[in-house]
Each structure stands twice: as structure tokens, then as C-alpha cells.
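**Student:** After the C-alpha cells below, expect a handful of questions from me.
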């Protein structure tokens, strides 16, 4: 009889070999090593052991399958989280006010200085100025060429402001000589009376020294501070300050002009520009307008304050004077308290504009202490090149207000630094611009649109990670799409180049027209000015300087040149239309080819590469480079995990669906397998015992191993095989019959790991094709390219990714802070240790352990 050993190849069996036992052993003993001992107790133990082991194996397979199934989701979600974080940071950055940003502006080739000061006009909301709001200002490190006769803003300021006052105020020659004598003003403590005394050595009263001046022609005597007058040749002849520097004398002006609160700008139009040499590393500022200036701010010293009506109080003083003839103009005294005043050039005397409805006064104030000022009403003023005698109010100002400006406004030095330049070409000039100057320019397109494009590109890349094998099979199609796309880009660039040529021609036409108009305007204004006041500036035409007029604007023959320009514009129009038509055809062909998810994924990669090309040109802002550094750091630290997860996804993509369906198949046919195992068990017993229980137990209790050579088994091999074939005819395939007919060989092949597939693989394949799989179908469809973008769990992963990134950044910051604190503690400990040793050394030196000093003894 042949004995057979089973090594776990039959479902329900275990790996421990089945051996024959002695007759002294009982059937109930060692049932753990004899799973086919046919009794109820051992059968129950066998079933329980099988079920526990199968559950454990199923749990392990489910955990591995779950891990592999989630890996590709993690990759996509990580990329989306990274894109979302980057977009959030850049969104926040784009919302911040930026004072400088890099850009290009075509302002002209060589910038030459120009003496054409009439090109500088008054632009603003003030009557007499042109309405204009498109102010711009740039900074550049380009050196500017200046001619010696270059006009400055100071000259234009004198001309424009003087023209406003000359045309708006009453003309009067008040800059005549006054016969003045020095006087002292003194007052008694008991009264408000002030006496006027003629003395040689004067003292200050109310913070000023005083003059009593007579103008014989007008029968007028004025009591005025010395600060308002200028002495001539150490005589008793004085004139108002500023008369020698001005040429327009006006007396009475409308109140709105004297208010001093009208802001204006001096601006130019192309082809002219204003340049301010800053003197720092050859940097310059170029723009179409100068700084904002104000009409009513006096020229010498302009500390002007704004406060409430309680800032200044009138001191009602009575002037005791000698007999006089005509008009005697007495000063008006104020005591003021200013807390936010700014003095120019660190001078103690300042000018203050104080106004109310229909009245205005200029106060000349002397600083008494930190915040207290003694002020008097001024008599004369200089605004531009207009010298005017300030009006005297009919009454004391009540509920007065004050206007405050910086000391630099209307500063002569600043206005002299702005010079007029002109150009006639178009040359890109690298500059940085201030965003608050009003220029209609935008930041580089790395804002919201680029963020959206980056998120779309990252999503496409995440989806293409699961469709890579599809994309690899259609490389030719992708290359064809790229070729069409490149052709579209080239056509667009060529069209833009032609449009730029058109713009250059159009710009030249505008410059020529503007030059002609500017020449006519210059001549008209010079004629008007010459007819009114004579030659007052370098005009290139009527002045005696003899500087020749630049005839470069008149070199072109208008009729010939304009016809040539028009013909060139028409030719360029035709070329542009042809190129754009070709670009449209290429784009249409590209869209026809561009119809698969893998092409979309490749387009996302190309889009991302184009966006990445913007990174080196983001500008000088350190914040953008910090953002890029953090993104690169995150990619470097996370790339090993991404690659490892991608490898797992690639290797496990084919088995994820089969594992799931295998598990599902097992649960569905578990009862059928149990029935088949029971049948095998019965067949085995029938073959071994031949229907005799005593003979089976006798064989079971023998000492010889059951190694497949039992005589009892060899007597009936055909009946055993026949029983198996009879039972399994309706269930297993022909291939399975052949394998079971030689159980030893099948078991050995299974144990060695080099055998064939599971006998039930055929029915498993049928189940895969016949039954679907809910969420796992999503995986399979995504791998096949029919599901383009994963969309499950995005908000959760996005939030979690943001939390992880912020936590990592905070963790590094806290660790750095801990290192700094540790270093500081070590430094402090070292310092304390050095101090301790020094003190200990000094203490030991001053208090030695043994004294060697002998004290004197007295007998």
C-alpha cells in the first residue's frame, strides 16, 4: 500500500506532513498533526484553523492593496497641495503694495539736454494749468547727456508761476526805495502800549529788530522787521527783500491765489522728458513731471504748519508814534504755539500761511522756545519771479486755519536738479518704477493668471502620472502637436515684430508732428512774452544770446516722408494679416491633433516649463526668491518619497484590480470550496481504508511514515483516481484533472514557487470581465487614460498639505531659535565662568591662606 504526504497544496490542508502513528496512539491524540483523521472533533479543529489563517492572509493582502491603491492619489494630492500653497503665497505677495518693480519702457535713444524751457508747462487742477493726471517717474542707472544750456524746473517755475501771478494780479511797481531808520520798540509791563524810539543800537522786540520806513511818493510809512528789507550800500536806503531777484511786480491778487494751497506740477510731453541726477552710483530719475509745488509758499523759508484755530492769538498792542503824514502801517502781532513745525536750513525765522474764508495772511515767526513763536504779519512776499505787496486784511483773522508742507517743497536746489531732455528715437531702457506715481504700468504677468495656470498645469501633471504609459505610446502625436504649437508661437512673434515696426513708424510720425507743433507754440509764446516784458530767457529765436536753433526737426520733407511712412504701414499691415492667417491655420490643426488626455498632460508640462522660465526674471524682490527657495527645498526633500510612491504605483497598477476581484471571488465561492475540500477528504479516506474503518486505523497507528509507498494505497490507485474524476467532472477543467491526478508533483511545484497559475485562474478571469468595481474602476479608468483628473478628497488633502508645509517651516524656525538660545546660554555660561575665575583669583591673591607678614612687636 502506498502512503501519500500532503504539504498544504490542497485547500484546507496545512504545511505539516501527515505521518503514520503507532497503534498505541489514539485517534483523538495529535489531531493537530493529522488533519485528515476522520472524526468530528478533528474536523472542527481543522476548519477553525483554516478560517483563522485565511482571515489573517486576507487582512494582510487588503492592507497592502489599500496602501498601493492610495499611493497614486497621494502623489496627485501632494502636487495639488504644493501648487495651492505656492499660489496662496504668491497671491498674498501680489496683493502687497510694491514700491519698485523691474520693467522696460521705450523712452528714446540718446537723451540730449534742451534749453527749450517753454516745453515745460503747468499741469494740474489750478486755473491756468492744463488738466493732466498721467504722471510717471522711473529710476535708471543710465547716465544722461546734458548740454550746457539745459533748462531746469527752477526756470520753468519762475516763468510759469510768474505768468500766473502776472496775468491774475494787479500790476504795480512797489519795489521802490524806502528811506528807513532803525527804531526800538519798548512796552511797559502795566499797559499794552508800545513806544517807538529812534536809536542807533537796536534791540529785539517780539523776536525781531525793527525799521520805520517812509515812501515819499505814496505818502506811506511802514513799521517792518529788518528781515523783510535789504540795505543798499550801508545807507538809509532800503528795498523789500527779493526785489533784485524778481522782475514782475504785482500788488493785489485774488484771494484764492494767495491761499497757498493749490498744488501744481510742471510737466512735459514727448519727445521731452525731465531727468533728475541723483548723484548716487550714476543713478537718475526720469519722468514727465517734476515734484508737486504750491503757489503760495514763500521762497526764502517755508516752514508752514497746520493746526486748529487756537494755535495763534492776536496780541492787541497800541503803537505810540510821532506825528506823521499819509498812511502809517503798523504791524499785527501774534503769539502762536506750533508742535509740528519744520524749519528750513535750521533757521529760527519761518513763514506761516494762515487763512480763513476770503482772507489770508503770511506770518513771519521767530522761535522763542521749543513750541512758542512770536509772529508778525508780513508786508512783502516773493512767489516765483513775482514780487508782491501782501494785502492787509480789513479785520483780524478769526477761526484761522494753517496749511502744512514739507520744507523741501519749492526748494530751489531740488528744482534745479530737474533738467529738460529730448529724444527722437525708441530704445528700451531698463528702469525701476514707483507704483504710486500714477503711471499706467502693470507688474510682470506672474500674478493671479499665472497662479491659475500653475494650478492647472500641476493638476494635468498629476493626472499624467497615472497615464504615462499611454503618453509613451503616442509620442508622435505629441511631437506633431508641439510642432504646430511652435509654428503658432513663431507666427505670433513675427506678427508682434511687424506691429512693433508699425509702432516705431507711428511714433516717428507723432514725434515729427509734435515737434512742428512745439516749434509753433514756442514761437508764439516767445512773441507774446517779448511783446509784454522783453527778452527774459534763452529762447533760441529772439534773444541776444545768439544760440542757434536746432534744425534737426526740419530735416524731413513732409510730403515725401509721410507718403513713405504710409506705404510702409500698408505693407506691414498686409504681412501681419498673412502671418496671423497662417498662425490661425496652425492653431486649428493643433487643436485637431490635440484631442487626447495624454496630449493635455503634455501641454500641461509645456505650460509649466514656460511658467518656470519666468522665475529668473521675477525681479529684485527678495520675497519671491524666498518663495522659490522654499518650493525647491520642499521638492528636494519630498522627491524620494514621490519617486518611491510612483514606482510602487507603476509596479502595482496591474495587480490592484486583480487583487480586489480575487478577494471578491474568494468570498463568493467560499462555500463551494468548502464542499470540494470535504469531497476530497472523503475520497482520500475511501482510497486509504477501502471502506473499512479498522483497516484505516490500523494503518494510522503504524510506525512507518506515510510517504506515498504504502501497499494498501498501491492496491487501489485506479479506484482513487476514478473517484476523483467522478466527483470533479462537473466542476474542474481538463487541466485541473491532470494536475490533481498527480498530487505529489503539483504540491511540489506549488511549494517550490515555480509552478503554474492557480487552478481557478480561468474562472477568476471570467469574473474580472463580467463584474465591475466601484472606486477601483476609477483607478483602472485613470490608468487607462479615460479618467483625466483625480478629484477625490482634494479639499482634505489640500488643507492637510498646507498644514504640513506650514508646520515644517515653523518647525525649522523653532529649531533654529532653540539653537540660537543654546549658543547664547553657552556664551553666557562662559562669560560667567570667566568672571567667577577672575574673582576667585583676585580673592585668593588678596586673602592668601598663610600670611608671611610679621607684625612689629613693642617691648
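Just so you know, glycine gets a Cβ as well, placed from its N, Cα and C.
Checked Swiss-Prot, it gives:
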type     : residues : note
COILED   : 576-624  : coiled coil
COILED   : 663-699  : coiled coil
CARBOHYD : 40       : N-linked glycosylation site
CARBOHYD : 148      : N-linked glycosylation site
CARBOHYD : 201      : N-linked glycosylation site
CARBOHYD : 233      : N-linked glycosylation site
CARBOHYD : 244      : N-linked glycosylation site
CARBOHYD : 282      : N-linked glycosylation site
CARBOHYD : 313      : N-linked glycosylation site
CARBOHYD : 346      : N-linked glycosylation site
CARBOHYD : 368      : N-linked glycosylation site
CARBOHYD : 399      : N-linked glycosylation site
CARBOHYD : 422      : N-linked glycosylation site
CARBOHYD : 490      : N-linked glycosylation site
REGION   : 446-466  : region 'Fusion peptide'
REGION   : 498-513  : region 'Immunosuppression'
TOPO_DOM : 7-614    : topological domain 'Extracellular'
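Situate these features within the shown structure.
**Tutor:** Counting only same-chain residues at least 6 apart in sequence, those with a Cβ under 8 Å from the Cβ of residue 148 (N-linked glycosylation site) are 113.
Classification of residue 201 (N-linked glycosylation site) by DSSP places it in coil, neither helical nor stranded.
Under the DSSP three-state reduction, residue 233 (N-linked glycosylation site) is assigned to coil, being neither helix nor strand. A simple way to gauge crowding: the CB of residue 233 (N-linked glycosylation site) has 5 other CB atoms within 10 angstroms, across all the protein chains here.
Cβ neighbours of residue 244 (N-linked glycosylation site) (same chain, under 8 Å, six or more residues apart in sequence): 230.
All protein chains considered, the CB of residue 313 (N-linked glycosylation site) has 13 other CB atoms within 10 Å.
Look at residue 422 (N-linked glycosylation site): DSSP puts it in a strand. Around the Cβ of residue 422 (N-linked glycosylation site), 24 further Cβ atoms fall within 10 Å across all displayed protein chains.
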**Student:** Determine, using Cα-Cα distances only, which of these glycosylation sites is closest to residue 201 (N-linked glycosylation site): 233, 313, 422.
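**Tutor:** With Cα distances computed to residue 201 (N-linked glycosylation site), the winner among 233, 313, 422 is 233.
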**Student:** Would you mind giving the whole-number mean pLDDT across the topological domain 'Extracellular' (7-614)?
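**Tutor:** Per the prediction, mean pLDDT sits at 64 for the topological domain 'Extracellular' (7-614).
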**Student:** For residue 233 (N-linked glycosylation site) and residue 313 (N-linked glycosylation site), what Cα-Cα distance in Å is obtained after rounding to a whole number?
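**Tutor:** One finds 38 Å between the Cα atoms of these residues.
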**Student:** For the C-alpha pair, I'd like the distance in angstrom between residue 313 (N-linked glycosylation site) and residue 422 (N-linked glycosylation site), rounded off.
**Tutor:** 52
**Student:** Across all the protein chains here, work out how many other Cβ atoms are within 10 Å of the Cβ of residue 201 (N-linked glycosylation site).
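**Tutor:** That number is 6.
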